[in-house]
Amino acid sequence: MAGSIHEGPEFGIGDFVLLREVTHEAFLENLRLRYEKNRIYTYIGEVVVSVNPYKTVDIYNQTYVDHYKGRELYERPPHIFALADSAYKTMKRKSRDTCIVISGESGSGKTEASKIIMRYISAVTNVSGRKEVERVKDVLIKSNVILEAFGNAKTNRNDNSSRFGKYMDINFDFKGDPIGGHINNYLLEKSRVVHQQNGERNFHAFYQLLSGAPDQKLEEMKLSRNPDEYHFIRQGGSPKCSTINDQSDYRAVMAALKTLNFAFKHAETLWKIVAAVLHMGNMEFDTVDEVHDTVGVRDGHKLKNLAGLLSVTQEDLKKALTSRVIAAGGNVVNKEFTKSEALYARDAFAKAIYDRMFSWIVSRINEVIDPKESGTGYIGKGTVIGVLDIYGFEIFQNNSFEQLCINYCNEKLQQLFIELVLKQEQEEYMKEGIAWVHVEYFNNKIICELIEQPHKGILAILDEACLNVGKVTDEMFLTAMTQKLKSDRFTCRALSPADKTLEHSRDFRIRHYAGDVSYSVVGFIDKNKDTLFQDFKRLLYNSKDELVKAMWPEGIQDITATTKRPLTAGTNFKNSIIALVDQLATKEPHYVRCVKPNDIKSPSNFDEERVKHQVMYLGLLENVRVRRAGFVYRAKYSRFLDRYKLITKNTWPNFRGNEVDGVKMIIKSQGFEKDVAYGKSKIFIQSPQTLFTLEETRDKYIPFIIVFLQKFWRGGLARRRAKQMRAIYLIMAKFKRYKMRSYILNLVQLFRNVRNMRDYGKSIKWPTPPQVLTGLVEELRKVHSRWRANMILKKVPRPEWPMLQTKCTAQDVLKGQRADWGYRRKWEGNYLASSKDNSSTIDFVTKANALKASDHFSEILFSSYIKKTNKHNQTADRAIVITDKFIYKLDPKKKYKLLRRGISIGDVTGLSITPDADQLSVIHLKDGNDLVICLQNPSREERVGELVGSLSRFFRRNRKELPVTVAKQIKCSLGSKPRQILVKPSPANGGPTFRKEGNSLVLMWPQ
């Protein structure tokens, strides 16, 4: 069984045909349950029952369109998209015209359903994106905006109620793309133009004009924005509606008029006619001749405004409103109106001009959407989908001529519906070779004939009354029906004296298929005559506005010309409905039955009595009975086998034989042979219990099947994943190898001639390595650096390597902060042991050996003559010896006598020098008494850099870093007091010396 029917027990049953009991109670209970679960659509076979949710439901987006597109009706949960797609597929596959009939009472969602169907058809067509087809679709959808503005109104049941019937044919080309259409309208509720019940509004267009039109336009039309100033739109006492924005709707209508290529002047004329109706409602009359009881227009200013809007002369308009011209026996007589006659003529004029305007709008839309004029290259007949949005059965407290016409229309549609459903059933049975069983059902042909039968029906008797000469009243019409109608479906008080629910000389009752309806005959004669005096037609034909003139072509007739009596409103409506039914009978029908859950527009209230009433007059239960009179369910053998093959071992997982044999095997295993019939391509099931049992059995097996399928599916997924991963890793390995090889080959090519390069490849830019080679390349760079250093060191004698290391350390520490640091000369380190600097080398060497013996140091890092100052600002010539353990200050004048104890090299905390050529150096010590010295040598060589390199290299060899500061002004500590040392130039003939300036020390350095 289809998923649409069995959505789950919590959602009820998706197809009423499968109800266990066909009763009103069971029907309503299922409908209520689905409504409460937000399942607003339910099937009766191929009929969609739609319940107005009175709230926004997100079930119409593109996801849902894709969900239902191309699917069979029962493959998805019940939805109006499924029905629209079924109609579209039938039209496209069979090249046969189809139609969708939407019915229900006001407020049940008919108009919204037709819009949803239009949007769906628009969404699934024109896949090739042809611009002209897109334009046609836009025009078809935008036409609804215009028709709703001029044909819809707020009622007590519905804020956007269609007050006319609409049938739209949508034409399609051979590819299934919309190329145009045609609209027929039926029985616009003209009486609403001049009168509204309490709580209701006139047509939307009146309020849109007052709310949305620019001030300048309203001023030109002599209108104000206050609806309460106009008699024709204030009677309902409800000019504002919370769910309607008249101002934005006015702009939408103007945009739609532009889209549909309405000429701007024609659009202006339409709004002028709307304004004219508003002014017409305020026209009042006063008696001017009490003897003859004739009247005149009370306010000439209002008359002038009305004449201007209709582009007629003020005098002609005044005559038409207060008198009429009668031609009798070749004589022309002017008959003045009484006050009541003038008011009647005014109201008839207002209704007629609005009705004629609405008819012209429909005809103009038809011109625009005519497939032969659409520009889509229309060739041949094509195919059509008709959408009928028409009033549902109406039973009010006071039912009049309009309700009789509407209910007659529904009787005809119900008759067609039952006939077509039975015809479809018969055709399918014959096609499948199943014996047809006669179905008992209520045939409402007797009611249709009661109303429409020529010479004998209600409409014929009404026409006869209207044609009679002399004063004919509604009561006389009722009497004529009493005498002529011989049907148990008709009664009145004269025929049923004991029935006090019917008023004498006023009411009659018809037993419709949907229930009994009482009608009041008051106004039947006038409404059927639909009288509009020829004077008004001539008046508007002579209008200077070309559109107004074109709307009234019959105004050209001369007053004395003999004309054929026009058809009455009832006959016109009967003829149009018969033509509509004939047209629908040629198409394959689809039905949407709209139901209103309550009268208070609540999304949570399900009024069972109210819904039961609609179920009755929509004939839904009758529909269910007809559908299940033979077989409640049928399905193609392939689909049935696919769904239920899992319930027997002989058909699961794959049945190798004939599909029919497989289906029979399933049925036999469950013992349902007597409840089914086998057609040529389908199986037919008689009772819903059989279907439910099959479905329950299937549900019992599904968990095991799911686990079984999951096991194999997951295993398959895992195997596929494993293969993919192995392939991925293999590809990655191959790719890594390729990238590595390519990179290494590139490096080899780049460094091929590096041995012959002056810088041994230092200038070569290393290419960015693959991520996998990042670590390796770092090592290769280090290897290259070591190799390059080795190639450079090859040219340097081995004994000079320590000197070179010291220079490298000095360069690294100074970082270019001192311009000249002596790297160009040879560094000796122990200069006092060299005769070049020291003439008394023996004395120094003797003293150095003695200190080495006593203090056990290993090597002398640096020695030199210095100029020294102390905390007392005393300056002296000394020698400094820096070893790997101590720093010694010696007096060269006393054979290098040791001055005090040696300073431990571990007490050194830093070294400060200047960036200039002076030889100032400060060795910072832990005790706060730094060594402030200036290096001296006979050849005036730069040796500060060597001092920095020697000390820093020693510290680094001991895994420490010596802080070295390079600054113009050096800060130091002498006697634990902070001091600042500056360098100033002095004459070149003197040596360097220290002196005090304030709190600072100054080294006078000869230039």
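Backbone N, Cα and C atoms are what each Cβ position is placed from, and that goes for glycine too.
Unlike curated records, TrEMBL annotations are generated automatically.
Per TrEMBL, the range carrying the annotation region 'Actin-binding' out of 577-599, 623-645, 876-898 is 577-599. Of the listed binding-site residues, namely Ser106, Ser108, the sparsest Cβ surroundings within 10 Å are found at Ser106. Counting other CB atoms no more than 10 Å from each candidate's CB, the binding-site residues Gly104, Gly107 peak at Gly104.
For Lys110 (ATP binding site), the count of additional Cβ atoms within 10 Å of its Cβ stands at 28 [all protein chains shown]. With helix defined as DSSP H, G or I and strand as E or B, the region 'Actin-binding' (577-599) counts 9 helix, 8 strand, 6 coil.
Cβ neighbour count for Gly109 (ATP binding site): 23 (other Cβ atoms within 10 Å of its Cβ, all protein chains included). The average pLDDT computed for the region 'Actin-binding' (577-599) is 88.
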